[in-house]
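Novice: If you scroll down you'll find the structure; I have some questions about it.
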Ligand code: GLN
């Protein structure tokens, strides 16, 4: 029977519920359990696909094409197993399902209410991933903070769920803050007490408290929290600020979070977790033998969370190469033809990020011209690849005012254009080319050497594509399509023959990079940047 763990948060947001959930899952997985993590977000959007990255950071795309919360990226990077649409549910989706059922007549004669209809639908969704026998343990992370109006139906659903499933089959982990008051020189437990009290008011006694803190919890503090919050002292878990998110599983292991969880769920924990590969990764991450500076040119660089998967993919690839990758964020709108060279000075590689809209577009074109002409390693992802195609069209093929029709619908040379089937779409949510698509790699290309295979599958999130009317011209001039979608002939990878590393991918390789499987495109881009740095 599947066991369920709920992770709630108190006191403030940003305590790292996603990382704690992923770390616990990692430990349980390393003990041989089959684990998945799902995230329930209390906002009313159906999914985060239509949110500006400034609101919630990056939108993470799953294999099955769901646009989801960035925490799902952490789950995949830690566990090395794919998530799906079922792993991220929002209030919007819950209400949509209930309202659809109401229209179908499923509740005929009844008043449809938050309790029981919305809470029933939440509980049904808690269970979906656990029902097919694929998982021993399902961890459910509840977004938001206990006490928020939006979170109430979820908390009530957890209360009911626990009542129905029995005490050994589910547990609640509550994440709280234990702040350090510099003036008093001590850690304070009151916010934790209050947030547990609030949970108790809603009928939930947390089983385990994970206390985020900047200083180690003393035994006295642990005792105090245990006494006032009705938990065992070994269920007071310290979560101290870590140097890297990838340290957290080991910190949780030290605190025996996994053991406490398994004991409470009445699951055996005889075998010690096998974390050899993880420790090996950490060893390489922390002992780099080289250093590279890579510019990340993008529109949302003020908020690093907007490019979470890219920065994590660099961490994985850097560890693989035993190389510290210093990612330097460069706002694209600050780049002009005049200052591009200056701004990119000292960079050993340039990544042009995915994005939407015109802001900063011309700056990216300048950056690409500079790196193409100066043999500096370049990697363009999605919009970044489209920029490379535009740049090459303008400056090498001499296609005056070549552009993407996203930036200029009236361009005389629409080298990037919208697919026919996209043109009739009016709804914005979930209508892009989304999720995993196959791609054939051309033999003898850089892409073939990098992937070491001829058929790959990568994840997409875009509306615009390379315009194949121009393909022959590009190929003849040396920007070759080294990856093609076998079903519709769309160009998925371009690369420049006569350049150490000039690669653009229409898909998002960063979404598939994990600790266990760093992405080959990132590994090779870092290697090329390293080679460039050494030559300098
Ligand atoms: N705006 C571009 C498109 O829709 C690129 C999207 C992206 O970079 N994810 O095709």
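If you go along the chain as it appears here, the first residue is 1 and each next one adds 1.
Cβ coordinates come from backbone N, Cα and C, glycine included.
Not measured: the values here are computed from a predicted model.
The region 'Amidoligase domain' annotation in TrEMBL covers 1-267. What TrEMBL lists as domain 'CTP synthase N-terminal' is 3-267. Annotation comment: TrEMBL describes 13, 148, 149, 150, 188, 189, 190, 191, 192, 193, 224 as CTP binding site. What TrEMBL records for 13, 188, 189, 190, 191, 192, 193, 224 is UTP binding site. Positions annotated as ATP binding site by TrEMBL: 14, 15, 16, 17, 18, 19, 71, 242. TrEMBL lists 71, 141 with the feature Mg(2+) binding site. The domain 'Glutamine amidotransferase' annotation in TrEMBL covers 303-526. The active site, nucleophile annotation in TrEMBL covers 382.
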Novice: Measuring Cα to Cα, how many angstrom lie between residue 14 (ATP binding site) and residue 149 (CTP binding site)?
Specialist: 18
Novice: What's the most sparsely packed of the binding-site residues 19, 242, counting other C-beta atoms within 10 A?
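Specialist: Least crowded of the binding-site residues 19, 242, by Cβ count within 10 Å, is 242.
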Novice: Expressed to the nearest Å, what is the distance separating residue 193 (UTP binding site) and residue 71 (ATP binding site) at their Cα atoms?
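Specialist: It is 27 Å, counting Cα to Cα.
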Novice: What mean pLDDT score does the region 'Amidoligase domain' (1-267) have in the model?
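Specialist: 95, rounded to a whole number.
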Novice: Widest Cα span across the UTP binders 13, 188, 189, 190, 191, 192, 193, 224, in Å?
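Specialist: Answer in Å: the longest Cα-Cα distance is 23.
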Novice: With the Cβ under 6 Å from ligand 1 as the test, give me the qualifying entries from the binding-site residues 15, 19, 190, 224.
Specialist: none
Novice: Have a look around residue 13 (CTP binding site) and count the other CB atoms within 10 A of its CB, chains all included.
Specialist: 11
Novice: Once near-sequence residues are set aside, which residues in the chain of residue 17 (ATP binding site), 6 or more away, have Cβ atoms under 8 Å from its Cβ?
Specialist: 7, 8, 9, 71, 141, 142, 143, 175
Novice: Which residue, of the binding-site residues 188, 190, 224, has its CB surrounded by the fewest other CB atoms within 10 A?
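Specialist: It is 190 that, of the binding-site residues 188, 190, 224, has the fewest other Cβ atoms within 10 Å.
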Novice: Taking 10 A as the limit, how many CB atoms besides its own sit near the CB of residue 18 (ATP binding site)?
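Specialist: Cβ-Cβ neighbours of residue 18 (ATP binding site) within 10 Å number 22.
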Novice: Using CB atoms and a 10 A radius, I'd like the single residue among the binding-site residues 16, 191 with the highest neighbour count.
Specialist: 16
Novice: Counting Cβ atoms within 10 Å across all protein chains shown, which of the binding-site residues 14, 189, 192 comes out on top?
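Specialist: When each Cβ's neighbours within 10 Å are tallied, 192 tops the list.
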Novice: Please report the DSSP secondary structure of residue 14 (ATP binding site), reduced to three states.
Specialist: coil
Novice: Determine, from DSSP, whether residue 71 (ATP binding site) sits in helix, strand or coil.
Specialist: helix
Novice: What's the CA-CA gap between residue 190 (CTP binding site) and residue 15 (ATP binding site) in angstrom, rounded?
Specialist: 17
